[in-house]
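Please read the structure below before turning to the comments.
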There are 4 protein chains.
Amino acid sequence: MATLIDNRYGKARVRVLKVNKNGDHHSVFDFDCCVLLKGDFSDTYYTGANDKVVATDSTKNTVYLLAQSEQFKSVEEFGVIVGKHFLATYSHVSEVQVTIKENVWDRMRVTYEQREHDHSFVRSRDVHTASIISVRGRPAQVTSGIEDLLIMKTTGSGFEGFYRDKYTTLKETKDRVFATMVTASWTYNTATNVNYVNAVAEFKKSVFDIFALTYSKSVQETLYIIAKTALERVKEIDEIKLSLPNKHAFGFDFTRFEGVKNNNTVFQPVEEPSGLIEGTIKRAASKL
Amino acid sequence: MATLIDNRYGKARVRVLKVNKNGDHHSVFDFDCCVLLKGDFSDTYYTGANDKVVATDSTKNTVYLLAQSEQFKSVEEFGVIVGKHFLATYSHVSEVQVTIKENVWDRMRVTYEQREHDHSFVRSRDVHTASIISVRGRPAQVTSGIEDLLIMKTTGSGFEGFYRDKYTTLKETKDRVFATMVTASWTYNTATNVNYVNAVAEFKKSVFDIFALTYSKSVQETLYIIAKTALERVKEIDEIKLSLPNKHAFGFDFTRFEGVKNNNTVFQPVEEPSGLIEGTIKRAASKL
Amino acid sequence: MATLIDNRYGKARVRVLKVNKNGDHHSVFDFDCCVLLKGDFSDTYYTGANDKVVATDSTKNTVYLLAQSEQFKSVEEFGVIVGKHFLATYSHVSEVQVTIKENVWDRMRVTYEQREHDHSFVRSRDVHTASIISVRGRPAQVTSGIEDLLIMKTTGSGFEGFYRDKYTTLKETKDRVFATMVTASWTYNTATNVNYVNAVAEFKKSVFDIFALTYSKSVQETLYIIAKTALERVKEIDEIKLSLPNKHAFGFDFTRFEGVKNNNTVFQPVEEPSGLIEGTIKRAASKL
Amino acid sequence: MATLIDNRYGKARVRVLKVNKNGDHHSVFDFDCCVLLKGDFSDTYYTGANDKVVATDSTKNTVYLLAQSEQFKSVEEFGVIVGKHFLATYSHVSEVQVTIKENVWDRMRVTYEQREHDHSFVRSRDVHTASIISVRGRPAQVTSGIEDLLIMKTTGSGFEGFYRDKYTTLKETKDRVFATMVTASWTYNTATNVNYVNAVAEFKKSVFDIFALTYSKSVQETLYIIAKTALERVKEIDEIKLSLPNKHAFGFDFTRFEGVKNNNTVFQPVEEPSGLIEGTIKRAASKL
């Protein structure tokens, strides 16, 4: 015999473009949405009886219907709406997991006007993520994050004094190129009245401020200070998870060529292998 | 104040090709390896003091050195070796997480010989995964899996009797195309004398046997029977996690064209949105 | 003033799955199709007047309608059908360019049966390409090819005696790993009664036979012999274009570690940079 | 017999990061480079004799050596330098093809400073391309372009009055979402004193100005006006090739749900199929 001990199902990669129109001035939400349901669904696994199965096609329809009928100021709010809807509509659903990747569009700048354009946009590189877990009887748990934010500094970073043994060939350096693709996520300590858009913006600013203005003794140290700074700036966050791959750009080895010195200006970026540094930082309880 | 509550670091995407040579008859392990360390590493986060930090470059070196010096019959065994090495070498390391993606190479067939070639290979599409968690003082926990195994049946699959409400537009069907990209993983109930290569092969056979030979009433039902069958065939596994996206291929809507009937022979595959069905199946305790 | 000197338009990435059913025994064509039209379409560029524009949506519809109504034994034949249709239907179309990528599905093997399954399939890694140019008043020009065929030999390949100067650091070798992703295409010297499926199969066999059984003195030499062999085997081809990236797997540098020798068994595959070798080989005119 | 009628070879995906340092104020060139050689190389194809073959590894070395020793204000200039070098160094090379993809890095903005940061950067989404063909005895032919520039307007675009027949199901519209990924390239009419950076910037501005400020009657019309505008603004360009895929975002079909109207605010973006519109526009000779 075999027992089903966990399951979830739904529709992934539902692509939604919602345009909010104020005359000719438009703003957009452009996101991919995955909605997974948990609940009383074991029958279809054991016997193929589908009478409780909400078709994933219906789940997709629902996402578009809610996107049109509901107002929301962030994809996090939309995820909460979707969770509430499924719990309210289907008594045999116990949990709704909504995962969202929001594409970021900047307003287009045109030559002949000093302002940004009303309804023309240029896609940015980084992605805004959101994850909303709605369990029956509990407040929704909202997580925000960013992905694919690729940043680089060409000085102001070193790596010295590390452990040396017979496996070590890396040289110490006070001046290296430091490039990383920031992935971060944080869960809010409340689901009430959070300005999610502001939280993401403040986190991103913390990344830029620390990355640019602080000498980096290790990727780890930079990771910690970024998280600490963001926790200070956003009160609705208690904990941040950060993943900073070290996207190496090594100085090319010019020593093999006669009469050629290394000016420390030409580097060879490599995709793999790649260092990977991760950490979770928590706001310490205030001492009382 | 901010506290570091979790952390790990290491080298990702270390690409290894190990060739085992028996004269001109070669066999290969071709894999990407990620080695992450946990332990007493908080200093570098808090202060940038790196004296306990094993450089990720040294970790990479170690992987290649072990790949050459050690004999192994599977990447799972290699992962166990790597875990042991880091725990034995660095007393301040408490846990080693090795994640491996093994590329599968089939032997090349040549026209003029009836047998497979000795040292020429063709890359297969699917990937073999392995994850080995080594915690100081405990046996290594070994997980195997597969990814990117794309399969399709053009009949022998339906979806009927599902929940209908005002959000439902999907029609019932007794005959649809069913395509899915199998992702599966399972943790072994022992780390002693497991034939990992055989376990992966038996799991894959279970997928093929059930997928091909069983009428599918729902993706969920097929998922369950595949897992149940694999649990029966491989005694070293107690639990299997399966993820089966429903890679839809819809019948093209010919009704919009005058005099054209739908012969149910032409379909439009779509990448997104995509159904997603997941389940974890456990071997039930034997009744006594 | 600015003049439109060339233009084409149409629908790209039209995904078609055609199932040929003989009872429960099915065979499939699974392909992505791009159909581009040339002709009297300059008005819409100059003035936005669309009256001659066949909507790309209609082009897509036509592909599905033809896929259902027509019989074909290869995607090359389907491309010829599509070209004929557009030239016959729209007098202002002068040229139709059909580009096809066919996904290859192998029949699934199941444990309990000795034969391959009737209607279950496993996706292969390589892709079959076809390009059909139909110009009004001329026979269709049919090109076939393959892509993404990744092959490797772990011995039987060297690279010696190459040009040396102050830019050279590469060492000569009699025994290296040779991996390459084969991209090839060839145009048929006739559009009548060609067995396209056989031509692709014979080309692929030529790749395998030469790659496996011939010592490679350079990628260039291997490229030439593959093409020469295929020209000998397939009479309907006069010319073959081959692109063989050299997907390097370098021996890891063990000399930096005390007491460690290089056994020539552990290699580091690198995605980039990558050698790239290309050549076009033509059947020489028979001497008379 | 089989004859080699065309060939080229070299190193692809050579990744270069060149940092120009003025104290702490840095600027960067970050690009992937492919260098292919043509010339007297047939021996290695026919016989495996490699004595004239410049190893692709040496080609890679040369790229890094030139990147360090030479000054250049654009990747186009670097490509010209590389071409000259190979023609000057190897008398049996007749043509050098350099293809470059330059990653665009914007300066990072930090909260506490009003100016952009000196040596910290954020990667942009679009890519700058360059192609430099250097044939012995002729001036280098320089082509610039852009790729991956994804833009969208949520109104100000329609598609009406197109050809209707039995294959047509698309409805006419005066108000649709228009999204496209701009790919463009242009060859300069001179290789002397061209400000390539300015040309790329002016082309991009032309895209934005026309896309945002002009009502689009068809993708074709927009393509033409963009090219015409860029030709007016950049005198060193005579001809522009543009490819504008129509990345559809269809209004979701709300008519299937009782009591639900379509507000024209919710769209379903689809990756495939995708319209594809291409055109080459040439500056007309001045009338005399």
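Glycine too: its Cβ is placed from the backbone N, Cα and C atoms.
DSSP classifies C:K11 (active site, charge relay system) as strand under the three-state reduction. The active site, charge relay system feature in TrEMBL is assigned to C:K11 (among others).
Residues or ranges marked as active site, charge relay system by TrEMBL: C:T56 (among others). Under the DSSP three-state reduction, C:T56 (active site, charge relay system) is assigned to helix. Every protein chain considered, the tally of other Cβ atoms within 10 Å of the Cβ of C:T56 (active site, charge relay system) stands at 27.
Feature annotation from TrEMBL assigns active site, charge relay system to C:H248 (among others). Just so you know, the Cβ of C:H248 (active site, charge relay system) picks up 20 other Cβ atoms within 10 Å once every protein chain is counted.
DSSP assigns C:N246 (urate binding site) to a strand in the three-state reduction. According to TrEMBL, the urate binding site annotation covers C:T56, C:D57, C:F159, C:R176, C:V219, C:Q220, C:N246.
According to its DSSP assignment, C:Q220 (urate binding site) is helical. The 5-hydroxyisourate binding site annotation in TrEMBL covers C:T56, C:D57, C:F159, C:R176, C:V219, C:Q220, C:N246.
Residues annotated as O2 binding site in TrEMBL: C:T56, C:N246. Same-chain residues at least 6 positions away in sequence with a Cβ under 8 Å from that of C:N246 (urate binding site) are, in sequence order, C:F178, C:A179, C:T180, C:V219, C:S274, C:G275, C:L276, C:I277.
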Fill in: Residues that sit under 8 angstroms from C:D57 (urate binding site) by C-beta distance, when 6+ apart in the chain
C:K11
Fill in: Spatial neighbour of C:H248 (active site, charge relay system) that is closest, considering only the recorded positions C:T56, C:F159, C:R176, C:Q220 and their CA atoms
C:R176
Response to the item:
C:T56, C:D57, C:F159, C:R176, C:V219, C:Q220, C:N246 bind urate per the record; greatest CA separation between any two, in Å, is 52
Response to the item:
Contacting chain D at Cβ under 8 Å, from the recorded positions C:T56, C:D57, C:R176, C:N246, C:H248, are C:T56, C:D57, C:N246
Worksheet, complete the sentence: Taking all protein chains shown into account, the Cβ-based neighbour count within 10 Å for C:Q220 (urate binding site) is 27
Discussion item. Spatially, and counting Cα to Cα, which of the binding-site residues is closest to C:T56 (active site, charge relay system)? Options: C:F159, C:R176, C:Q220.
Written reply: C:Q220
Practice prompt. Tally every other Cβ atom lying within 10 Å of the Cβ atom of C:F159 (urate binding site).
Written response: 25
Response to the item:
C:F159 (urate binding site), DSSP three-state class -> strand
Worksheet, complete the sentence: For C:V219 (urate binding site), the number of neighbouring Cβ atoms whose distance to its own Cβ is within 10 Å equals 25
